[in-house]
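Asker: Below are the features listed in TrEMBL for this protein:
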- 26-47: transmembrane segment (TRANSMEM)
- 53-72: transmembrane segment (TRANSMEM)
- 93-117: transmembrane segment (TRANSMEM)
- 129-146: transmembrane segment (TRANSMEM)
- 158-176: transmembrane segment (TRANSMEM)
- 229-250: transmembrane segment (TRANSMEM)
- 271-295: transmembrane segment (TRANSMEM)
- 311-333: transmembrane segment (TRANSMEM)
- 354-374: transmembrane segment (TRANSMEM)
- 386-405: transmembrane segment (TRANSMEM)
- 506-528: transmembrane segment (TRANSMEM)
- 540-561: transmembrane segment (TRANSMEM)
Amino acid sequence: MEQAAGCPAVGGSYPQKNAEILSSQYGINLFLAGLLLTFAWAVHAVGISKSHLLSYLITLMLIQLLWMLWYLCRSCTQRRLIRAKDTHAGARWLKCGITLFAVITLILDSFKIGYYIDFSNCLSPTEGIFPVTHAVHTILQVYFLWCHAKDVIQSFKTLERFGVIHSVFTNLLLWTNGVLTESKHQLNEHKERLITLGFGNITVVLDDHAPQCNCTTTTLCLIFSQGIYYLYPFNIEYHILASTMLYVLWKNIGRKVEHHQQNKTPFKFHGITVGMIFGLIVLTSTIAIVVVYLIQIGGSKIKSELALTMFYLHAIFVLALMCTAGIVALLIYRLEDRSLDNSKNPARKLDAELLVGTAAGSWLLSWGSILAIICAQGHPKYTWYNLPYSMLVIIEKYIQNLFIIESIHREQEKVNDDIKTLRIVTISRGSTLSLTPLYKEIYNGRATRDSSDVPCLFKGSICGRENDGAGVAKEETSQDNSLVMHSASDFSVYSRNSVTNNKRRILKNIAAFLFLCNLSLWIPPAFGCRPEYDNGLEEIVFGFEPWIIVVNLAMPFSIFYRMHSAASLFEVNCKT
């Protein structure tokens, strides 16, 4: 049993630290076992088939389902209790994103079920059980994350640590399985295209896992088999997002949360028109480039070279724009004097670590391409465009990571939009008098209570003053001086607020533009537009198998980086 809440902190922290270490080691071993099983299936190890891998994944999903049902039932029985929440975890936009990916994942599962039915004569029963279990797992997990992603668990902490970490690594293994399956499909298409580029010295051996029997309905089989691979990118993003949200939940177990209200930061389209327009132009042009690339690549040597040249030129232009936007944003930050928020925040810490960690995948591929260009003896014309492209990929991620990490660590500035106050002005005895207090003062209940000034005006009456001439002159002089001081002060505050609003508007437009650019750069590798495969120069320098291994290991991180950056930039836009 857990120690009571009233016990000393030192006595309770030691077993909980052990529980954290034990649960993390359990999860790592769970993941390594599944990873080796996945690798054994991928290399056609003797005695290891796909049914063994799927059986292992089904078992893990069933265990997670049991734990989630237990947690949900226990939460229902304790729903009247006040629970601690991490307001930074499980943002609504993140939940909406994972729901969208989950819906497409359910479509993928339905395609797999249809594929199994058409090939049921020669497929293992596990290939039919797996998509059904996965669909149930997806529905319950999304519901669980919507309801409990913000929870800070304070009871049954040891048990919950094992349950949550089991869920984290189950999703990571499902992500690995999806990445491997999709990569094998891409690799087969890549091998078939290499010959058209003139690399005939590379041995083309297809790694085919197709069922060894005829389909009962040919048209449906073709739709299912082709559609599955176009839906895998969304399934991959779903599982990596789920694992990150569950990891934050695991880190929050037993944490003492400071009880302060987080400022709500809804997304608004107002003020980001320029960034959205330029971003949508980039997004539209990228989709067009991807469509043309997939049509042209592999058709002939000339068409393939033109497709690669077109891709590189477009990417160079987009990356250069992104670098410029990032530099402008960082310069604006340097001109501001705002402190950083250094409070403990697992979600924010994980975001920063994922940005730098996953960027390493792109950096690895870029440095490999740069080295290949330098060392290669022959250089087809289109390969020279790869040099500025690779260099810009490295520089752009440097700048973007710095911008995002600094943005999510900056304290949110409270800008008063009511500085622009209206005043009712009248001309009385040749002097201009301010007849109403500042809106700010009225709102805070600190309006002037001078019976000879404001109250009469709010009542709509005319205040006659029964003062003698000397008293009137003295009062007018005092009011004139007060007016000048108020006007100077208001003008100063208004000027500062105007400059701040202009900076905010520029930063919001930059964040919106980079958000759409990252979505644009996620699309090509996610849907098969991968010049790292089709360029061919790297395979000659490093060898076909070594380079393909590097690409298959690094590409998933590169794809995830773009989606994670887009999510982080969306948050930056809301906070700015």
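Every residue gets a Cβ built from N, Cα and C, even glycine.
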Asker: Spell out yes or no: are there three or more C-beta pairs under 8 angstroms between the transmembrane segment (540-561) and the transmembrane segment (129-146), with each pair 6 or more apart in sequence?
Answerer: no
Asker: With pairs restricted to those 6 or more apart in sequence, evaluate whether the transmembrane segment (129-146) and the transmembrane segment (229-250) have 3+ C-beta pairs under 8 Å.
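Answerer: Answer yes, regions in contact.
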Asker: Using a Cβ cut-off of under 8 Å, list the residues of the same chain at least 6 residues beyond the transmembrane segment (53-72) that approach it.
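Answerer: Answer is 30, 33-34, 37-38, 41, 124, 126-127, 129-130, 133-134, 136-137, 140-141, 144, 147-148, 160, 163, 166-167, 170, 173-174, 177.
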Asker: For the transmembrane segment (158-176), could you work out the same-chain residues 6 or more beyond its ends whose Cβ comes under 8 Å from its Cβ atoms?
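Answerer: Distal contacts: 2, 15-16, 19-20, 22-24, 26-28, 30-31, 34-35, 38, 57, 60-61, 63-64, 67-68, 70-71, 134, 141, 236, 239-240, 242-243, 246-247, 249-250, 253, 556.
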Asker: Are there three or more C-beta pairs under 8 angstroms joining the transmembrane segment (271-295) and the transmembrane segment (386-405), sequence spacing 6 or more?
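Answerer: Output no: the transmembrane segment (386-405) is apart from the transmembrane segment (271-295).
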Asker: Spell out yes or no: are there three or more C-beta pairs under 8 angstroms between the transmembrane segment (271-295) and the transmembrane segment (354-374), with each pair 6 or more apart in sequence?
Answerer: no
Asker: Using a Cβ-Cβ cut-off of under 8 Å, list the residues of the same chain that are 6+ residues beyond the ends of the transmembrane segment (506-528) and lie near it.
Answerer: 186, 189, 230, 233, 271-276, 278-280, 282-283, 286-287, 289-290, 293-294, 311, 315, 318, 321-322, 325-326, 328-329, 332, 400, 403, 407, 555, 558-559, 562-563, 565-566, 569-570, 572-573, 576
Asker: State the residues, same chain only, that lie 6 or more residues beyond the ends of the transmembrane segment (26-47) and have a CB under 8 A from a CB inside it; answer 'none' if no residue qualifies.
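Answerer: Same-chain contacts beyond the ends: 53, 56-57, 60, 162, 165-166, 168-170, 172-173, 176-177, 180, 184.
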